[in-house]
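For reference, the structure is listed below as C-alpha cells.
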Amino acid sequence: MSLLLEPSQEQIKEEKLYQQMGVSDDEFAMIESILGRLPNYTEIGIFSVMWSEHCSYKNSKPILKKFPTKGERVLQGPGEGAGIVDIGDNQAVVFKIESHNHPSAIEPYQGAATGVGGIIRDVFSMGARPIAVLNSLRFGELTSPRVKYLFEEVVAGIAGYGNCIGIPTVGGEVQFDGCYEGNPLVNAMCVGLINHEDIKKGQAKGVGNTVMYVGAKTGRDGIHGATFASEEMSDQSEEKRSAVQVGDPFMEKLLLEACLEVIKSDALVGIQDMGAAGLTSSSAEMASKAGSGIEMNLDLIPQRETGMTPYEMMLSESQERMLLVIERGREQEIIDIFDKYDLEAVAVGHVTDDKMLRLFHNGEMVAELPVDALAEEAPVYHKPSKVPDYYKEFLETDVPAPKVEDAKETLLELLKQPTIASKEWVYDQYDYMVRTNTVVAPGSDAAVLRIRGTKKALAMTTDCNARYLYLDPETGGKIAVAEAARNIVCSGAEPLAVTDNLNFGNPEKPEIFWQIEKAADGISEACNVLSTPVIGGNVSLYNESNGSAIYPTPVIGMVGLIEDTEHITTQHFKAAGDLIYVIGETFPEFAGSELQKLTEGKIYGKAPAIDLEVEQSRQKALLKAIRSGLVQSAHDVSEGGIGVALAESVISSQRLGAHVTLAGEPALLFSETQSRFIVSVKKDHQEAFEKLVKDADLIGEVTSDSVLAVQSQEGQQWIHAQTEELESAWKGAIPCLLKSKA
C-alpha cells in the first residue's frame, strides 16, 4: 500500500481498521491514551505486532511467572535472545526453543526452514557459536495425503536450511495424532557454546551510539507474521501466505560468521536478531531493555523491493537480518568486517536518551512512540479458567487393561505406529555429523556432542507426550519434564536446565486457559524438584483449526552435562551375557498409551501417575551408577512400555537378543507407568549395581542369538521374535505409510 493510499488516523478509528491487525477496541483506546492522540497507520501497525501474543505474551505472562528461572549455573534467564548456563572452565551453553507452527501449516518448507534460521540467530546473537539443532514436530495421522505432504515438506525444510548452514541437526521427536491435522507443530531448538567474556546482550546503550542494520535486504515477506501467529487457523489462513518468510541459509552462514567476528570487537555494544515483528521488535526491545530510545531514518534501510512504506519496512519479517548498536565513531571497523563476508552493514540511526522510538522517512517523522509502551507495557490478561467436562469424566472412568491375545503381534503393531516407529527416514535427511562433534547420533534417548579441547560433552533432547497432557495437564506437565531428564540421564549426563515451548489452543476459551495453567503448574513443580530451571522459551497459542484445538503440547527442551566422555551411554545393549534390569515397578496404567490408541482408537481415562521425589531418586541413583562405570546401556521406558523399550534396545548393528522373564499379565509389557528404565550391566558389576540402585529388578540377560524372548514367571512364552523381524517393522513403518495411497 502506497503512503498516499494509507488510511487517515480518523479512518483507522472510525472504521475500526485496527481490528484487522488483531487490536481490540479496548487496546486501541489504551494506545490513544498512551499517545494522547490517534495513532497513524505505521504506528498502529507497530503497536499491533508488539502487543500480539507472539511478541508480548499478554495472555501467558501470569503463567510464565510460575516457572523457576534461577539456579547456581544460570548466567542468563528469560528475557534475552536465549538462556545461558555455566558448564565450568569459563564455558557456557546457550540454548532456546521456538515455534514456527502457523507458517508451517501454510507453507511447510519455508515455514520450517525459517524456523530453524530464526532460532540459530537467537543463539549467535548472544555471542555463541551454534553447535546443534533439534526439532519437535507434531502432525495429524500419517494416513492423510495432506499430512504426508506437510510431513515431507517440513522435514525437507529443516534439512535444507540446517544442512546448508553447516550446523548438525542431531535429534528431536516426531509424534502423530489426529488433533494436529489442520495445525501441525514445528518447534526448533538450537544449542550453542560460548566463553563467558563473549556473552552479548540485546541492549541499545550509550546515547549517540550508532544503530546499524546488517544482513539481507528488507522485502515484503512476513509482514504481520507475529499477528498471524497469534490467530487461530481457518479456511481463510491460506490467504495469508505472504505472512510466511522466505529463508536463505547461505546468507545466514555468512551472517553467522560475520557476527561471531564482530562480537570479538569491543566496538559492539548490543546485538539482536530481527525475528518476529522484524525491525520493530529489535529496535523497541533493545531500547527498552537499556532504558534508552532510538531514532532511525528508514530511507537508509536496504530494500529489495521498490516503493516500500514505513509500515512495510517496520513490519517486514524478511530473514537473515540483525540490528547492532556500535560505539559512535567506530562504524567503519564493523562495516569492514561485514564487507569481508559480502554483507551490507548500514548505519540507520542512533541511540537517544528519551525512551522514544522515532522514525523518519522522506524527511518527515512518520512515527513517535514510547519504547516501554511497546516492549513492556502491553496489556496483561488474566483469562477466566474452567475445568473441562471431559476431564471430570476421565477422573471417574476406569480404564481396563486391554486384552492382549498375542503379545508378539501386539509388539510388532506398536513398533509400526508412526509415533514409536524409527525416525530414520527423517534424520537420514539431516547432516548430523557435520563439524564431527556428534558422538551419539539421532536414534538414542538423547543426542550427545563432545566439547573439543575438554573431556566434557553435552546431551540434549526434546520431549512431550501431549496425550497425557490432554488427560491431565498438570500430571502431563510433570511427566514432560521428567521424561526429558530421564533421557538426559540415560545418556550419562546431569540435567542442567530447560527451555520450553508452550503450544496450546485459544486462551480465550476458559477450558484451554485451564489447560495452560495446570500444565505450567506441573512443569514448575517438576523443574523445582529436578533442579532444572527454565532459562527461556516460547509461547505459541491459538493452535486451532476450524475451532478445534490441538492437545496441550508444552515441549520441553533440555540440555545436560557429561563431565567425562567415558560416561557417555546409549540405549543399545552392548554384549551377550550382560544382565538386564528394569528400574521401577510396573502398574496397569494404559490411559493415553500407544496400546490404548491402537486397540480402542481413542484415548481416555486418568493419566499415569508420577511421584517426582521417586523420579529424582531413581535418576540420581542411575546417574551415579553410570558415572561409576557400572552401566552398559540405559533406556527410559516411555511410549509402548517395557515391550517397546526392550525391542529398541536389541535393535542395533550388533544384532543381539534378550531373554527376559516378567511378572503379571502380557498387557503389562505395554503399560506406560512412569519413572522406569531398562538397564544392562556386566555380570562382574552385579553386586555393586544392585547395592547402588535399590529399585532395580533383574529380569533377564542379553543374548547372542538375535532373538527377543519374553516369558511369564510361570514359563509361558509371550514373545519370541527375531531381532531382524522387529527391526523391519520398526524401520519400515514410516517409509511404508508415506508410499501408501490413502
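FYI, residue positions are counted from 1 along the chain as it appears here.
For all residues, glycine too, the Cβ spot is worked out from N, Cα and C.
Sequence annotations record features per position, and here Swiss-Prot assigns active site to H54 based on sequence analysis. Using a 10 Å Cβ-Cβ cutoff, H54 (active site) registers 28 neighbours.
Annotation source Swiss-Prot lists active site, proton acceptor at H100, citing sequence analysis. Taking the Cβ of H100 (active site, proton acceptor) as reference, residues of its chain lying under 8 Å away and at least six apart in sequence are, in sequence order, G111, A112, T114, G115, G118, V186, N187, A188.
Annotation comment: Swiss-Prot describes Y57, K96, D500, G537 as ATP binding site. Mapped onto three states, the DSSP output places G537 (ATP binding site) in strand.
Of all Cβ atoms in the protein chains displayed, 24 besides its own lie within 10 Å of the Cβ of N538 (Mg(2+) 1 binding site). The feature Mg(2+) 1 binding site is assigned by Swiss-Prot to E98, N538, with sequence analysis given as support.
R121 (substrate binding site) falls within a helical segment according to DSSP. All protein chains included, R121 (substrate binding site) registers 27 other Cβ atoms within 10 Å of its own Cβ. If you look up Swiss-Prot, you'll see S99, H100, N101, H102, R121, Q245, E317, S318, Q319, S540 marked as substrate binding site, on the strength of sequence analysis.
For D122 (Mg(2+) 2 binding site), the same-chain residues that are 6 or more apart in sequence and have a Cβ closer than 8 Å to its Cβ are G81, A82, K96, E98, C190, D273, G275. Feature annotation from Swiss-Prot assigns Mg(2+) 2 binding site to D122, D273.
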Distance [Cα-Cα, Å, rounded] between G537 (ATP binding site) and Q319 (substrate binding site): 20
Nearest of the recorded positions (H54, D500, N538) to R121 (substrate binding site), judged by Cα-Cα distance: N538
Cα proximity to E317 (substrate binding site), best match among recorded positions H54, Y57, D500, N538: H54
Spatial neighbours of Y57 (ATP binding site), counting only the binding-site residues S99, N101, Q319, N538 and Cα distances within 10 Å: N538
Shell of the ATP site beyond Y57, K96, D500, G537, same chain only (C-beta within 8 angstroms of their C-beta centre): L64, P78, I97, E98, T499, N501, L502, V534, G536, N538, V539
For D273 (Mg(2+) 2 binding site), the number of other Cβ atoms found within 10 Å of its own Cβ: 29
Alpha-carbon distance [H54 (active site); N538 (Mg(2+) 1 binding site)] in Å: 8
